[in-house]
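Chemist: I am attaching a structure below and will ask some questions about it afterwards.
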Amino acid sequence: PPSLSCVCVCVCVCVCVCCQGELKPYTDRLALPPPTPRPPPGGRSSCSFGGRFYSLEDSWHPDLGDPFGIMHCVQCRCEPQRSRKGKLLGKVSCRNTKQDCPEPSCTNPVSLPGRCCRTCAQGEGGREDFLLDTFEFLHEKEGDLHKSYNDGSYLSSEDVPPREGQTDFVALLTAVPESRPPVSSGVARARLSLSGNSLVFSITFLRMDRPSRVLIQDSEGNVVFQFRVSRSDLICGVWKNVPKSQEHLLQAEQLRVSMTTGGNKQEEIQGRIVKHRALFAETFSAVLTSEEEHSGMGGMAMLTLSDTENNLHFILLFQGLLQGRERPLVPIRVQLRYRQLVLREVRANVTAHDPDFAEVLDDLNSRELFWLSRGQLEIAVETEDSDPRRISGFVSGRKSCDTIQSVMSSGDALTPGKTGAVGSAIFSLHDNGSLDYQVQVAGVSSQVVGVTVEMKPRRRSKRSVLHDLSGEYAGGRAAGRWGRMEARHIHMLLQNELFVNVATVDHPEGELRGQIRSLLYGGPHASRDELPVLLGGQLVSPPVATGAGGHAWVSVDEKCHLHYEIVVSGLSKSEDSPVDAHLHASAEIGELDRGGPAHKRLLTSFYGSQAQGVLKDLSAALLRHLDRGTAFVQVSTKQNPRGEIRGRVRAANGCRSGSGFEAGEPGFDDETEEPKRDPRSCFFEGQHHAHGSRWTPHYNNCFACSCKKKTVICDPIICPTLSCTHTIQPEDECCPVCHVETMEPRALDVREAVEEHPEGCYFEGDQKLHAPGTTWHPFVPPFGYIKCAVCTCKGSTGEVHCEKVTCPPLACGQPVRRSPSDCCKVCPGEGGPPPPPPPHAELMQADGSRHCRFGKTLYQDGERWHPHVSLVGEMKCITCWCDNGVTKCQRQQCPVLTCHQIIHRRGGCCPECEGQDGEGVAGVWA
């Protein structure tokens, strides 16, 4: 089926030697097909489906692309299976889930977009309760938001879906229970987020010396990850390329995190990593400690405010408080205190097996809310028995290593526009409720008259302004501190419910606007303490009128490697692209010479609105330009291929000889001229590659690229399965290797693995191991099966030998090919009737008949049909046809109905008005 079309975006860094005057436009664009999706790192088995890789036991709804879309009634799963040789493989299994749908309780159920099962209309079958035990989440009403405003940029925390593929965890760390008496009084709270295959963590701790190491261990005590602590106030780290086996243990809550101190005083605290239902709503937190030395007691509190009322919801987790209690039920008292004054008190009976304790404090008054915002409220838990024990801690805004930031663009303004201006804001929240801010603006159409932090507007002419930053604005920037933030405002800030608005003379209601969001911690090289580089349409040469904006952080480390993070908003999309199409982007880096075309380098390829990565082999000239500030980050789209938004970059560095090149080696600037002259050579990532050459691309070291007659083919590297139990991920390599301490053999690449195990041959085209002595027609992406070549596996050496099929000379003048899959032609009448066409016949020869293959069926040119999709059946609402060898499909267009009673007849494609038999239907064709 056709693949989902996507919007192509290019992000490039261009360097100008002279900053005076207008920059020379690009004359040599880098034209690349969308990159092959990256397989899971570390050699883990996976499944490939629809051009994407899925890890073992992953499940998904298949996306068949436009016009079919996502099949919400079909669920696919990557099931683990073992081959005859015991190798773990992945197999895709799909099933129709429509028969699992419950029977609706109402008389007229409806089908909602994005869902498989029919459900009752709102108000007919009862409302859904969005309650999470005592945590309450109430949707805001938007009926008074005027329709002329840009509704799309006003999403409450409930409207914004959780970040795709991200799962949050938490751990409470206390003294090791096995050590009696405990050797530490320390207590820590760790918040962890699994995003993709990286585990990001933020750890706060009290009553212990600075930790030297953070360890993650399995249930048997084996260390699976180790992190050295470089700062003491808030520990931030990333575990990259988490193995799938450890990811399963993490999801099953079978991993523990521990921290140890160095020096003479050895301390260790640890706790189990668990999921918790309160994490996504938490906006305030507290770490609870005991005044007793080495008590082994500790706890934490996760708190949030109701969205509409001043109710404070909290959940407590504690360790050691109920240790050694003989009674099954232990009475406890929870107090909310200001200094020595008890404000609220809750009593309850709990057991030692209770994982947590939850409660609601109703209707906080103005004084309590003020003390909450200033971090002056203390929460205490105390047992009420003959041996009372007590832990307590101060409540403050949720601590995290994430960056609170906002990209402001004209496309997200109250009245959307395309001025090409851009704004950026960075925030830092302190324990006392004060908020530091830095705002920068560029390219606005007229003088800035207002910079404000706002809520969602309630009426057309009534903006909800919380704080005015205009007094601090001068010269395109505003920096200062908001010192009187209310508890409600802190809650909204951490729930992504606040906005930055920039008003100008020409746009008094706002020329720029952006939602304040948290950006997940990017690692130790993410230079987010500094203001990012602005990316705007007015900064492109010549300027571009666009509603998009963005910002980027760029830095160069001590190894002369370039680290970058890019965040964009409102990029242009094709009019024919589906609304839910992913935004596909490519990042380049290069230099623009005074008299020649730009040399460009690909940084990365990404989906979504964010990109980050590392470029390790920069030329000395490019590093000098970065140091001088004569470099530019540029984002290009299909509508603006010469750049839609751009920003000037300066990355200070002391590099002189470039990165990734030894002295005397030919670098980026010493490129030979021979590949340039060869008409069959390929230009990729700013470099020319000779025909037949192979290399590892800069954007991803887990791919291998080759050049064949001006076409670049990049295939994923398949990592070998390691026999050791402890593996590490080298920084500059794709595949993991065995840890040195285990004395296991080092990891081998594919060719070495085949030499070590000469029972077969690995062919890179189809990425399969072939048995010794077997022959096959090679499959070469993107060309398919090549029937005019035959490959043989030489079992003795493990080598693949391929040779071209030699066709015999023919005496007739008009030879024909009996089948489109045949390599050689024959004279008419020879060899009997033609055999049935084999699979992939249409991929073999260009001069055969122009058939179309859909599924397992061949269609003649001009033939039309309704596609048949496995597990779904015939899709009568979609018509496909064969157009000169190309399959094209289109969904039937339905009218937009204006009647109130709309029905969907079984077997029909379009909804109808109830009581109409095809005549007089009121509607407008979309």
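Note: Cβ is positioned from N, Cα and C throughout, glycine not excepted.
Below are the features I grabbed from TrEMBL:
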type   : residues : note
DOMAIN : 45-121   : domain 'VWFC'
DOMAIN : 165-278  : domain 'CHRD'
DOMAIN : 280-399  : domain 'CHRD'
DOMAIN : 400-521  : domain 'CHRD'
DOMAIN : 527-654  : domain 'CHRD'
DOMAIN : 680-739  : domain 'VWFC'
DOMAIN : 759-828  : domain 'VWFC'
DOMAIN : 850-914  : domain 'VWFC'
REGION : 656-680  : region 'Disordered'
SIGNAL : 1-21     : signal peptide
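If you look at the structure here, what lies around each of the features I listed?
Modeler: The domain 'CHRD' (165-278): residue composition by secondary structure is 8 helix, 58 strand, 48 coil, according to DSSP.
Secondary structure of the domain 'CHRD' (400-521), assigned with DSSP and counted as helix (H, G, I), strand (E, B) and coil, comes to 14 helix, 57 strand, 51 coil.
In the predicted model, the domain 'VWFC' (680-739) has a mean pLDDT of 72.
Each residue in the domain 'VWFC' (850-914) gets a DSSP state, and the totals come to 0 helix, 31 strand, 34 coil.
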Chemist: How do the residues of the domain 'CHRD' (280-399) split into helix, strand and coil according to DSSP?
Modeler: 10 helix, 60 strand, 50 coil
Chemist: Which one of these stretches, 45-121, 165-278, 280-399, has the most C-beta pairs shorter than 8 Å to the domain 'VWFC' (850-914)?
Modeler: 45-121
Chemist: May I have the DSSP-based helix, strand and coil counts for the residues of the domain 'VWFC' (45-121)?
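Modeler: Breakdown, helix to coil: 3 helix, 32 strand, 42 coil.
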